[in-house]
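> Here you go, one structure.
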Amino acid sequence: MRNKSSSLLFIILMAFLSMGGLISSDIFLPVLNKMGGYYHVSESSIQSAIAIFLFGIAFSQLIYGPLSDCLGRKKVLIFGVIIWLISTIGIFYSTHISELLLLRLFQGIGACAGITLSRAIINDLMGKEEAAHVYLIIFPFVGMSPAVAPVIGGMLSEYYGWKSCFLFLTLFITATLMLCLLVLKESLPVEKRQQLNVKSVLVSTYQALVNKKFLYYAAIPCFAYTAYFSYLIESPFIFKTMGLPEKYVGYTYIMLSLSYVLGNLTAKKLSRQQGMEKTISHGYIIFTIGGIAFTVQMFLSSCPLLTSVLTISVLTFGNGFLLPLGTASAIAAHTQSAGTASGVMGTLQLGSAGLTSLFIGYL
């Protein structure tokens, strides 16, 4: 970067792109009940809006990487952000559940461009140490966005109605698009681009899927994601039955994000002392304890609101072990094509979470 102001704007843009998918996913969690009433649909139907969004992100991860390797990062990124923006505006004006679900699919596809390509752009422009410095600045914001987004959504809904959540998103994405156009330069020169070889991508994907060691480690973060998203889609309705006002629902997610970040930090320290395998085992034990405790307290607790948040925080603390270490181990198990392994890993994680969200919604 040429100067401090351009460096700051670049970091803000990378943070917006990295956070955008999580904010789009979680900002309307507190208003799911209101949205169900607006569209005149059941609880399970409105919960599908979360699953469809996850599918959009999951499967487009396999496309953006190879496409940007061929056409360049900036064009593909701007195309994705425009899809993200148009679909969000469409949701604001939608009047039928089928419109909402279709637009949520495209919203996920568009948001995925920022999630996938922000990492590629950082790695294109910077060396290992400088990139690590940028990630250290960005990741705390990414880690807290699932907690902050529902709080914002709950407060906006309380004063301006549930559609204000998507108006806020529209403004956020517009700012992101403007930064893409004005700040970002193409990070992948023409001479470094690769031809789009669909056959090669399919072969690499197949090789990852038949790699037993890769699948073993890939299952670890998949379990973590499915458990967490199962809770996310049910929690607004659970809290409604407990009498918690809608504007306070978002605050219950803050502790979950904090426990996840604490789990990350603990796992980082333990993996250096005891190795990754043993640390993953610790994560599984904590994750299982949290899941069992949550189930038991639903039947026995005299204060289910408090115990629900506390026990799920134990589970997300375990997720802080399982998600990063499971992902790293899976990609390391398929080093011959790490880029493809990363894309397949993301697809499996979010795809399994999406399927579970649909299943839970229809129970």
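In case you wondered, yes, glycine gets a Cβ from its N, Cα and C as well.
What you are looking at is a predicted structure, and each value in this text was computed from that prediction instead of being measured.
Pasting the relevant annotations from TrEMBL:
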type: DOMAIN; residues: 7-363; note: domain 'Major facilitator superfamily (MFS) profile'
type: TRANSMEM; residues: 44-64; note: transmembrane segment
type: TRANSMEM; residues: 76-95; note: transmembrane segment
type: TRANSMEM; residues: 101-122; note: transmembrane segment
type: TRANSMEM; residues: 134-153; note: transmembrane segment
type: TRANSMEM; residues: 159-184; note: transmembrane segment
type: TRANSMEM; residues: 214-233; note: transmembrane segment
type: TRANSMEM; residues: 248-267; note: transmembrane segment
type: TRANSMEM; residues: 279-300; note: transmembrane segment
type: TRANSMEM; residues: 306-331; note: transmembrane segment
type: TRANSMEM; residues: 343-362; note: transmembrane segment
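What does the local environment look like for each feature on the list?
For the transmembrane segment (76-95), the list of distant contacts is 17, 20, 24, 64, 67-68, 103-104, 106-107, 109-114, 117, 121, 163, 166-167, 169-170, 173-174, 176-177, 180-181, 184: same-chain residues at least six beyond its ends, Cβ to Cβ under 8 Å.
Residues of the same chain lying 6 or more positions beyond the ends of the transmembrane segment (101-122) and with a Cβ under 8 Å from any Cβ of it are 14, 16-18, 20-21, 24, 48-49, 52-58, 60-61, 64-65, 68, 73, 76-77, 79-88, 90-91, 94, 131, 134-135, 176, 184, 187-188, 343, 346.
Remote same-chain partners of the transmembrane segment (134-153), defined as residues 6 or more beyond its termini with a Cβ less than 8 Å from a stretch Cβ, comprise 11, 14-15, 18-19, 22-23, 25-31, 122, 126, 165, 168, 249-251, 253-254, 256-258, 260-261, 264.
Only residues 6 or more beyond the boundaries of the transmembrane segment (214-233), in the same chain, are considered here, and those with a CB under 8 A from a CB of the stretch are 26, 29, 32, 47, 50-51, 54, 208, 280, 284, 287, 291, 294, 312, 315-316, 318-319, 322-323, 325-327, 329-330, 333-334, 341, 344-345, 348-350, 352-357, 360-361.
Sequence-distant contacts of the transmembrane segment (248-267) (same chain, at least 6 residues past either end, Cβ-Cβ under 8 Å): 26, 29-30, 140, 143-144, 146-155, 235-236, 239, 279, 282-283, 286, 309-310, 312-314, 316-321, 324-325.
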> Restricting to the same chain and to residues at least six past its boundaries, which positions have a Cβ under 8 Å from a Cβ of the transmembrane segment (343-362)?
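Sequence-remote neighbours of the transmembrane segment (343-362) are 43-45, 47-48, 50-55, 57-59, 61-62, 65, 116, 205, 208-209, 218, 221-222, 225-226, 228-230, 233-234, 327, 330-331.
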> Sort out for me which stretch, of 44-64, 159-184, 306-331, has the most Cβ pairs below 8 angstroms to the transmembrane segment (279-300).
306-331
> Averaged over the domain 'Major facilitator superfamily (MFS) profile' (7-363), what pLDDT does the prediction give?
86
> Please indicate, using numbers and ranges, the residues of the same chain that are 6 or more beyond the transmembrane segment (44-64) and have a C-beta under 8 Å from a C-beta there.
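That would be 21, 24-25, 28, 32, 35-36, 76, 80, 97, 100-101, 104-113, 115-117, 201, 205, 229, 232-234, 343-344, 346-351, 353-355, 357-358, 360-363.
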